[in-house]
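The block underneath contains the structure these notes are about, expressed in structure tokens.
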Amino acid sequence: MDDAEACFILSSRNEVDRTAADHQTILRAWAAKDFAPNCPLYVQILKPENKFHVKFADHVVCEEEFKYAMLALNCVCPATSTLVTLLVHTSRGQEGQLSPEQWQRTYGRCSGNEVYHIRLCDSKFFGEYDGKSFTYASFHAHKKYGVCLIGVKREDNKSILLNPGPRHIMASTDTCYYINITKEENSAFIFKQEEKHNKGLPLSGLYDAPSRLPVHSIIASMGTVAIDLQNPDPPEESGKLALPTENGAGSRRPSIAPVLEIADSSAILPCDLLSDQSEDEANQSDEEGSVGSDFVKGYPPNSPYIGSSPTLCHLLPQKAPFCCLRLDKGCTHNSFEDAKAYGFKNKLIIVSAETAGNGLYNFIVPLRAYYRPRKELNPIVLLLDYPPDNHFLEAICCFPMVYFMTGTIDNLDNLLQCGIIYADNLVVVDKESTMSAEEDYMADAKTIVNVQTMFRLFPSLSIITELTHPSNMRFMQFRAKDCYSLALSKLEKIERDKGSNLAFMFRLPFAAGRVFSISMLDTLLYQSFVKDYMIAIVRLLLGLDTTPGSGYLCAMKITEEDLWIRTYGRLFQKLCSSSAEIPIGIYRTESHMFSNTECKDSYAQSQLSVNAEHGAEHRERGESRKEKTAHRNSTTSDQSEHPLLRKKSMQWARRLSRKNAKPSSRAERISQQRLNLYRRSERQELSELVKNRMKHLGLPTVGYDEMNDHQNTLSYVLINPPPDTMLELNDIVYIIRSDPLAHMPEDSQVGQARIGKNKQDFGTEMRDETHL
């Protein structure tokens, strides 16, 4: 160990007593530090309260911190867990390229994107942007080379800043952090190709720009990246391409403003997230009993453990009494006993966990961070197997709309009382008591079956599940006779045989962000050996750390009004020029038909072929039915030519049958009822079961029918897609939004009295804090 390049100390996560496992890890870390003080130490810890014992280590990953923050972001930025998992895994993007499905090829290719770094002065990608704004550099590097610049670090500063915004002027000594398929040092062929095109094709007349763009970049971006300008007439505008008219009609697409080299201070967005108090109060003044009208912004007064990063949050002006945190029992302050009585404006987020550990605090903080719009805050309900202790309640009583209830997910009454009918997301956290089993992979059995039951009872509910073993994700929303799942299973085996680190990526629950295992992040600790910044970047993305001037991850949905933008490249310019936001990927959902019939043991059978066979079968049946009908009517007059005559004859036949019908006997009625009960579908039986329990609990059944509308869809993540990727309706775009505090003018005092701590104090406190 004296001569070792690194020492990794891992915890046994499958222990029943995880605290004891942490204590052993701490002792091992101390022993390693005592024996070889100069050996770099990489430590994996399970519980956040034990983190400060190993803060001397070079790199520390605390499982529960990452897990809860990732599960929380999954609720507001779908499939964040999938996005981060793909980013921290090493892949060449070759997965799924032989698949017959287009989505698998695109998804597999984009999964090869990783985070890399390079100094600006050494970079061909970013070297020409010395003295330009960060936003300008990010957009133009993406337009020319397809790389996504997401962060930067000054030479004299240890803090990495994600999207520091247009005020940040790039310097030659800056370290740039970017997302790409490969690092720049391995991209020499790009620049050779550029030289080849520059020599082979004339560039005059194609564009007016001080720095020559490669022809292949112009061709790739023509009609995709936004070249339209608000004022396209002046010829001295640099870096612009004129767009051809559409269909020769002289019509033009809507214009997008250019991204400025140096930010115009008057054009930078004001810190509206800090000064939205009056707007919120105006919007909520006419809402009776609004719970959001008296929120304040500040720092949580009680942290449940040492070492949690201070985060500016939405808080209650005064702490809520512990009795008011109980959702299912009234108290002297209110008489509400279920989620319906509270009349929440937004959908609930329900978290099912065994105990209220300190890590659960990291689920609440990202969802109450100051940059989340106040009117979009979702109520959080903690469904716990065991009541939380006062220490935990003291930490959460300052947050608005956070409640707890004792119960389990295998009890339907508990689910209905905690408001599952009004929930947008249900997060099922892996339980410590079930992590170890006699058969290793059976540790997830209870969780999987319980989640499957909830999926059958509430098909449209978004359920996010944490599992101990990633291989068990194939049992989520399991269909025993599903051809498509079988094809995906064979695809996974093929990719594993090829040596892929992401063989599980095509499983539909993982691709959609519906399932997650913390062991998927093991590679994060290993990658930090080569990329010592990876843990810091992931913590910033997840909101575990808040550095002054650094941005945060959020999402925006593409609506019909946004489709005029057309492509991802044009969207990149639109966001950079208007709100200084950096997009990093797309979460796409497509309609899909899943087959429930037996299928042959063949990997090549894609869903398209399954649908084609079903369509042909349906047509054949329809044609045979038409032939029989035509044969039956061949001896009579063609009544289809006389719809009125046919209608009258049918009415006459029904009246005649009613006249001749005898009143049914009691035995016949009972027989008919029995037949109706026998013919009930499983869906109807489940609906009746849930509605009967709701009536028994005194809950209104209105709203449950909406939970039955399950649509067969598949969802997947595209990290840093090419600029010419077409946007689709309901795409969700991951964006890194710049810090609103960084946009405040130096002499501005806006919101400081309301916040309680000014920007300078915040920065000083963060610099003095030792971060892991």
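Even glycines carry a Cβ here, placed using N, Cα and C.
What TrEMBL records for 614-627 is compositional bias 'Basic and acidic residues'.
Per TrEMBL, compositional bias 'Basic residues' is recorded for 645-661.
Positions annotated as domain 'RCK N-terminal' by TrEMBL: 1-61 (among others). The average pLDDT computed for the domain 'RCK N-terminal' (1-61) is 92.
Annotated domain 'RCK N-terminal' per TrEMBL: 346-486 (among others), in sequence order. For the domain 'RCK N-terminal' (346-486), DSSP puts the residue distribution at 60 helix, 28 strand, 53 coil.
If you look up TrEMBL, you'll see 229-254 (among others) marked as region 'Disordered'.
Annotated region 'Disordered' per TrEMBL: 612-673 (among others), in sequence order.
Here the domain 'RCK N-terminal' (1-61) is broken down by DSSP into helix, strand and coil counts: 25 helix, 11 strand, 25 coil.
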